[in-house]
């Protein structure tokens, strides 16, 4: 009978590891799409609502007007007669005053821009007036992006504990509900404060879905090779989210309107929620049978710290780029709205190729080597970003970034984290993926919040130099992950392997009553 067939299909679905992978994939995809959709929207949205609102005195330059009737934009001196390009009949006309922002924003990529005479400003051309506003905006946009990660940092450890208590299914569903609410908020927020609240709320939802999702995958895929592949695919969802987010956001914003991309995402989130209800049965409480290693014990393990550091610094590069690159493009390249997100397209395409390629390749060449090379490539790519003169100059560096960060570093480090816990602690993954997620969030919290301030103080190119050098300097530490010792091996081997880290192995006696079975490594170090 049809009902029994339906029930049979559901039962089969619940037993299927593939469908669990699909659910986690979609959850990570939506989370990261929501994060990156805003990258091109927020700077221009704030500029148009706040700056244009207060400075509506600027008249667009029209070619028919007599030079005397033109108003000079505030903050710029009236210039002597200078050649200005007309966008209608492709001829140069002589007008007074500097070019207005509106005209330049409408200028297509193809039309050449004559060099105006030097204004008292380091910019090659006066793309957008409101130089001071844009500088301040770097900081505010940075803080807005960082707010999600900061909230996620605070919430993560408690989600790790919660998954150990009640299993992964319920936290996963809670994550979906919060995510849906924040997406709807984004669609209808008109002020900085409301956007800030929606962003922070997204951090809470994101924390639930990513920790529970990755932990669930690690518990379903027990074989190390299979787990590596599954993590690779799930991180492909994260990659795809980062990939489509910015270009999708900028195109929808330019041609449909601000709330459109968010409403599309809200609809996709509903589909994921329905899938979770069918497959995961979020009412089911399934605590872990064994007691997981406490987070603080894991944090004292230097190998886990090295892996977490690699995740943090490589992602910090992209995190710094997201709020600052669109504003830098608005200032130096006079990019129209749709281009602000398209700049991230090469990063995202290479990100996808990298994830699928290195999920398999990393196991062959050694995950530690894969991430070491990845961090060097990240550093070099970041150093090349400020050399770009137009959007085409960003293709190379951004593609390198995408390829290296998720393709090489993330897809190697996530399985390494699971492997380290299997090797040196108890095989319960909620806490270690909470640490991995905290490392991500540290990158995405410190990156944008300090990035905006650094750009304001010493400029965008120097920001790229700083974070690029940090990545290259950190890379050699990945060598320690070559063959981490298992917990049965003697501390003496550890001392030869990594002499400076002996202190980290001294751990306090466990709090539980039954005798210690070795989940604390260093009882008798000293």
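Note: Cβ is positioned from N, Cα and C throughout, glycine not excepted.
A TrEMBL annotation is a machine prediction, not a hand-curated record.
Taken verbatim from TrEMBL:
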| type | residues | note |
| --- | --- | --- |
| TRANSMEM | 20-42 | transmembrane segment |
| DOMAIN | 75-486 | domain 'Major facilitator superfamily (MFS) profile' |
| TRANSMEM | 173-198 | transmembrane segment |
| TRANSMEM | 204-221 | transmembrane segment |
| TRANSMEM | 233-256 | transmembrane segment |
| TRANSMEM | 262-282 | transmembrane segment |
| TRANSMEM | 303-321 | transmembrane segment |
| TRANSMEM | 341-361 | transmembrane segment |
| TRANSMEM | 368-388 | transmembrane segment |
| TRANSMEM | 400-421 | transmembrane segment |
| TRANSMEM | 428-447 | transmembrane segment |
| TRANSMEM | 459-481 | transmembrane segment |
| REGION | 504-526 | region 'Disordered' |
| COMPBIAS | 516-526 | compositional bias 'Acidic residues' |
Inset, instruction - Name the range, of those listed as 233-256, 303-321, 341-361, 400-421, that has the largest tally of Cβ pairs under 8 Å with the transmembrane segment (428-447). - result: 303-321
Inset, instruction - State the residues, same chain only, that lie 6 or more residues beyond the ends of the transmembrane segment (368-388) and have a CB under 8 A from a CB inside it; answer 'none' if no residue qualifies. - result: 310, 313-314, 317, 321, 325, 358, 361-362, 394, 396-398, 400-401, 403-405, 407-409, 412-413, 416, 460-461, 464-465, 467-472, 474-476, 478-482
Inset, instruction - Please work out which recorded stretch in 173-198, 262-282, 341-361, 400-421 has the most C-beta pairs separated by under 8 angstroms from the transmembrane segment (303-321)? - result: 400-421
Inset, instruction - Tally Cβ pairs under 8 Å between the transmembrane segment (173-198) and each listed stretch (262-282, 341-361, 400-421, 459-481), then give the stretch with the top tally. - result: 262-282
Legend entry - Among 20-42, 204-221, 341-361, 400-421, 459-481, stretch most in contact with the transmembrane segment (233-256) (C-beta, under 8 angstroms): 20-42
Inset, instruction - May I ask which of the stretches 20-42, 262-282, 341-361, 459-481 has the most CB pairs under 8 A with the transmembrane segment (400-421)? - result: 341-361
Legend entry - Beyond the flanks of the transmembrane segment (20-42) by 6 or more, those residues with Cβ under 8 Å of it: 141, 144-145, 148, 172, 175-176, 179, 182-183, 186, 195, 199, 202, 205-206, 209-210, 213-214, 216-217, 220, 230, 233-242, 244-246, 248-250, 253, 258, 261-262, 265, 268-269, 271-272, 275-276, 279-280, 322-323, 326, 337-338, 340-341, 344
Legend entry - Chain residues outside the transmembrane segment (341-361) and at least six past its termini with a C-beta under 8 angstroms from it: 36, 39-40, 228-229, 231-233, 235-236, 239-240, 242-251, 318, 322, 325-326, 329, 335, 370, 391, 394-396, 398-408, 410-412
Inset, instruction - Let me know the model's mean pLDDT on the domain 'Major facilitator superfamily (MFS) profile' (75-486). - result: 80
